[in-house]
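Enquirer: Here it is: the structure, laid out below.
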Amino acid sequence: MGLCSSSSARRDAGTPGGGNGAGNKDNAGRKGIVACGKRTDFGYDKDFEARYALGKLLGHGQFGYTFAAVDRRSSERVAVKRIDKNKMVLPVAVEDVKREVKILKALQGHENVVHFYNAFEDDNYVYIVMELCEGGELLDRILAKKDSRYSEKDAAVVVRQMLKVAAECHLHGLVHRDMKPENFLFKSTKEDSSLKATDFGLSDFIRPGKHFRDIVGSAYYVAPEVLKRKSGPESDVWSIGVITYILLCGRRPFWDKTEDGIFKEVLKNKPDFRRKPWPNITPCAKDFVQKLLVKDPRARLTAAQALSHEWVREGGQASDIPLDISVLHNMRQFVKYSRFKQFALRALASTLNAEELSDLRDQFNAIDVDKNGTISLEELKQALAKDVPWRLKGPRVLEIVEAIDSNTDGLVDFEEFVAATLHVHQLVEHDTEKWKSLSQAAFDKFDVDGDGYITSDELRMQTGLKGSIDPLLEEADIDRDGKISLDEFRRLLKTASMSSRNVQTPRSVHRS
């Protein structure tokens, strides 16, 4: 059951592929008119017929067909997506093709993304040449399993590969937007074949701090925030959560006879973890799925965080955990916080134990290339350079290090890193009682006399700051009584996670 309609409705998010971005520049003519149909010149190579021989038909879509083909020079077998120029009657159809090629190029080389070779064109068609995957769709393998479900071990292998794709997309400023079993192919028919993401037709580049306002995707896998017209990278993780639920129990977590009924289920109801086989599935697996299917996208695990979860770790180890885009965003955001908010976050970070910080430990280790227990300016530069939409200059990176580096030694240790990258909203949503306990403990570090308030004198004593403290208190002092209550302190901490995860994204549901 799909939500896909014409692609003309989806460009209202201000993304690079949309009205204001790079996706339009290449398409615009001298007067801003995009040539369509046979008039379209994509600038791709024109020698497809000389390079490849088309073979059997593999499948077809709205605008074209996919064929097996052979490279005339190397005899290598490939897949070719042939798109009819005559069907590109609107400029957005031209943009869609250019964007898909751009995305395939951006993700080139990732082990779980179908390999892109080249794009060609002639007067009638565009040809996108890709890796040939002959193992069939993930959906077909699910249906072939007994009771249409995987063992936990096999499911974890599949889910890990999907999460790696999502994390890589998000680092490149991309959201897939149509994660579903049909869009993952196995390289071969072998049982242990690698999984490859394909069909980036609904994917798009995102601008940090923005959200998509259109409804796209496939009904069973669409995230609540997509239906609310305010979606971003987190929607991919929700879709993977739905797929994981299906892999483990053979049923969809949200189902109804109608599309609108499915949407109501997604928005209002929680998945059922009581029916068989869930009582026989490990608590660790259930915890994993539940944290991917959190309705609030701010509290949902990111793709990189999910890869650090105990259930999905390869052999119990966090092997090749990619950088988490939200961790990099949080570090940039930390610079903008008031001194009091920074101190409050450091106090909160100090209350967490090693198990609660396992995902951030993985991220710290990924950035700490020389494994000396601290992050240098150069290591942080290298990490932030991988955040494609941002790629900060040297002075900006130094500014981040100086803000995070509380002991002013020019390095970032793990405790400093945690304070700057903590997902406060996840703490609030995942375990309310634990949040209350941790925030109380952080508050108590400032409330020296234990009277239930933080005064300017106590703040000065705990921070060592000189000069007037009153301006620092004003941000949190909602009732203007000159001191900070526990509720006001908690409110201040919660605002730390409000802006750092607000990032934006593209479409097989399609509603304008």
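The first residue you see is number 1, and the count goes up from there.
Cβ coordinates come from backbone N, Cα and C, glycine included.
Residues or ranges marked as ATP binding site by Swiss-Prot on the basis of sequence analysis: L58, G59, H60, G61, Q62, F63, G64, Y65, T66, K81. Residues or ranges marked as Ca(2+) 3 binding site by Swiss-Prot: D447, D449, D451, Y453, E458. For D477, D479, D481, K483, E488, the entry in Swiss-Prot reads Ca(2+) 4 binding site, with the evidence type sequence analysis. The feature domain 'Protein kinase' is assigned by Swiss-Prot to 52-312. Summarising the annotation, Swiss-Prot assigns domain 'EF-hand 1' to 355-390 and lists sequence analysis as the type of evidence. The domain 'EF-hand 2' feature in Swiss-Prot is assigned to 392-427. Annotated domain 'EF-hand 3' per Swiss-Prot: 434-469, in sequence order. Here Swiss-Prot flags G2 as N-myristoyl glycine. Among the features that Swiss-Prot reports, region 'Disordered' is placed at 1-25. Swiss-Prot lists 318-348 with the feature region 'Autoinhibitory domain'.
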Enquirer: Could you round the CA separation between D479 (Ca(2+) 4 binding site) and Q62 (ATP binding site) to a whole angstrom and send it over?
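Expert: With the alpha carbons as reference points, the distance is 59 Å.
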Enquirer: Relative to the domain 'Protein kinase' (52-312), which of 355-390, 392-427, 434-469 accounts for the most Cβ pairs at distances under 8 Å?
Expert: 355-390
Enquirer: Near the ATP site, what residues other than L58, G59, H60, G61, Q62, F63, G64, Y65, T66, K81 in the same chain have a C-beta no further than 8 Å from the centroid of the listed C-beta atoms?
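Expert: Filtered neighbour residues, in order: R82, I83.
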Enquirer: With an 8 Å cut-off on Cβ distance to the D447, D449, D451, Y453, E458 Cβ center, who else from the chain surrounds the Ca(2+) 3 site?
Expert: F446, V448, G450, G452, I454, T455, K483
Enquirer: Name the one residue among L58, H60, D481, K483, E488 whose Cα is closest in three-dimensional space to that of D449 (Ca(2+) 3 binding site); these are the binding-site residues.
Expert: K483
Enquirer: For the domain 'EF-hand 2' (392-427), how many residues does DSSP put in helix, in strand and in coil?
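Expert: Here the numbers are 23 helix, 2 strand, 11 coil.
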Enquirer: Same chain only, please: residues at least 6 beyond the ends of the region 'Autoinhibitory domain' (318-348) with a C-beta under 8 Å from a C-beta of the stretch. Say none if there are none.
Expert: 164, 167-168, 170-171, 208, 233, 302-305, 307-308, 358-360, 362-363, 366-367, 380, 383-384, 386-387, 390, 392, 399-400, 403-404, 406, 415-416, 419-424, 438-439, 442-443, 445-446, 459, 462-463, 465, 472-473, 475-476, 489, 492-493, 495-496, 499-501, 503
Enquirer: Indicate whether D477 (Ca(2+) 4 binding site) is helix, strand or coil by DSSP.
Expert: coil
Enquirer: Find the one among the binding-site residues D477, D481, K483, E488 whose C-alpha lies closest to that of H60 (ATP binding site).
Expert: E488
Enquirer: Can you grab the distance from E458 (Ca(2+) 3 binding site) over to K483 (Ca(2+) 4 binding site)? Cα atoms, rounded to a whole Å.
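Expert: Counting only the Cα atoms, the answer is 10 Å.
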Enquirer: Could you tell me the C-alpha distance between Q62 (ATP binding site) and E488 (Ca(2+) 4 binding site) in angstrom, no decimals?
Expert: 54
Enquirer: When the number of other CB atoms within 10 A of each residue's CB is tallied over all shown chains, which of the binding-site residues H60, K483 has the maximum?
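Expert: It comes out as K483.
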Enquirer: I want the residues beyond D477, D479, D481, K483, E488 whose C-beta is within 8 angstroms of the mean position of the Ca(2+) 4 site's C-beta atoms, in chain order.
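Expert: Close Cβ neighbours, site residues excluded: Y453, L473, A476, I478, R480, G482, I484, S485.
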